[in-house]
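> What TrEMBL shows for this protein is this:
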type     : residues      : note
DISULFID : Cys63-Cys66   : disulfide bond
DISULFID : Cys408-Cys411 : disulfide bond
DOMAIN   : 26-145        : domain 'Thioredoxin'
DOMAIN   : 366-485       : domain 'Thioredoxin'
SIGNAL   : 1-24          : signal peptide
Amino acid sequence: MANSVGVWIWSALLMFAFIASASSDESVAEETPSAVLTLDASNFSETIAKHPFLVVEFYAPWCGHCKKLEPEYEKAASILSKHDPPIVLAKVNANEEINKDLASTHGVRGFPTLKILRNEGKNIQDYKGPRDADGIVEYLKKQVGPASAEIKSSEEAVNFIDEKKVFIVGVFPEYSGEEFDNFTKLAEKLRSDYDFGHTSDAKLLPRGDTAVKGPVVRLFKPFDELFVDFQDFHLDALEGFIEVASIPRVTIFDKDPINHPYVIKFFNSQNAKVLLFIHFSEQYFDSFKSKYLEVAENYKGKKMSFLIGDIKASEGAFQYFGLEESQAPLIILQENDGKKYLKPNLEPDQIATWLREYVDGSLTPFIKSEPIPEFNDEPVKVVVANSLHDVVFNSGKNVLLEFYAPWCGHCKKLAPILDEVAVSLHDDADVIIAKMDATANDVPSEFEVQGYPTLYFSSATGKLLQYEGGRTADDFIDFIKKNKDSVVESIQSDSIKDEL
């Protein structure tokens, strides 16, 4: 089971850096009818079947970000209800038991999650626009129009192409043929991620070139070389080009919302992720940035993505990695399986050397771990990243291990129950009940932890099962007795392995 860094984790870090408090009143007057439809599992399918275009917010009543979004979403819904045709906004309380399967079906892993449903729900896309009323309105008006806007004049080009955003233009001698059809298909597929346009005359475009006749795709961007052309109109090739070309050579991670979309893309990339954290306000910033850009250029096309983060915006990332500000400037490389490499107190000239050592395989992975407890005499034993393999896999014991978060209410309720289980099985030398703070320790790749609490059982002979049973002490005890191996069986199993 892979333990990749989930999108929900990075979303939490980005929320910390980018979400600002809503300026409008958090409550909507009771006497004012809501412009937002309230849906649940009983009327969801029926409602989306009536609408060719519908936006749905999956929320939880306790979620602070949902509360901040609520008045903005309500205001946008009121404005969009007057659009021709009306644009309908809806919401689903994903915290209610009746709606949990609905939320799971739509890939909801955090709150709020907004989805755009087209063609009676047959085409579902993530909403990736702003979270303020005006921004929501502007974004959704574009989403209901043509996927690609025709550019007929230089004035239209200036109005359409925002120099602060990625914009993709197809240049075609005529609006027909396989190239144009593939371009429009891809524009429809990616319209929630990018703005598209098309024209028959390249000289109308910013930095226009009369020598460009098409068919060609020109991607404008507010970074690096500012625009790049591409002429392979096979759908996969064209989509791959857009995904790669729309990410900066080095992504900036700070509190500027303009950089937010590129940070999201960086963390969603399948490449290994290289992150440099420094103080942007320090004198050494320019020297670091120059060296980092040079290194990133040298590794272009080698499955690595590069980000430079301001310490002021990176508190969430530092908590996630278990780092201290005193370690900055520091560089981290994280692979898709979660394995990490770290160099603290970095000098600019060390960046290239350190990455060469990584490529050569001479670096030791960094493991975030609390100290191994000096005393561990409570009924439920404390496990940390540096002791997990010894306690769980190498002890020859049957281990029930809870992955928990200190702030998790369900974990707090479970704690006395696990204490009771541990006390009840105290005289069984073959059994260990243990727990690990998954927010303060790296979770090994053998486990998949998507929420808290998550429990696994490792038998003395190495069988690993995720526990999905009841949460009473008797449920746990019955499960352990049914699935445990004796230490004798474990020793015999090891002896047979040695003979083989």
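Cβ atoms here come from the backbone N, Cα and C positions, even for glycine.
Annotations in TrEMBL come from automatic prediction, not curation.
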> What is the Cβ neighbour count of Cys66 (disulfide bond) at a 10 Å cut-off, with all protein chains included?
21
> Along the domain 'Thioredoxin' (366-485), what average pLDDT does this model show?
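Overall, the domain 'Thioredoxin' (366-485) comes to a mean pLDDT of 94.
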> Across the domain 'Thioredoxin' (26-145), what are the DSSP residue counts per state (helix, strand, coil)?
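Summed by class, the stretch gives 43 helix, 26 strand, 51 coil.
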> At the level of the C-alpha atoms, what whole-angstrom distance separates Cys66 (disulfide bond) and Cys408 (disulfide bond)?
19
> Identify which of the disulfide-bonded residues Cys63, Cys408, Cys411 has its Cβ surrounded by the largest number of other Cβ atoms within 10 Å, counting every protein chain shown.
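Of the disulfide-bonded residues Cys63, Cys408, Cys411, the most buried by Cβ count within 10 Å is Cys411.
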> Could you measure between Cys408 (disulfide bond) and Cys63 (disulfide bond) for me? Cα positions, answer in whole angstrom.
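One finds 14 Å between the Cα atoms of these residues.
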> Kindly report the helix/strand/coil residue split of the domain 'Thioredoxin' (366-485) according to DSSP, in that order.
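So the counts come to 33 helix, 26 strand, 61 coil.
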> Pop the Cα-Cα gap between Cys63 (disulfide bond) and Cys411 (disulfide bond) into the table, whole Å please.
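On Cα coordinates alone, these residues lie 18 Å apart.
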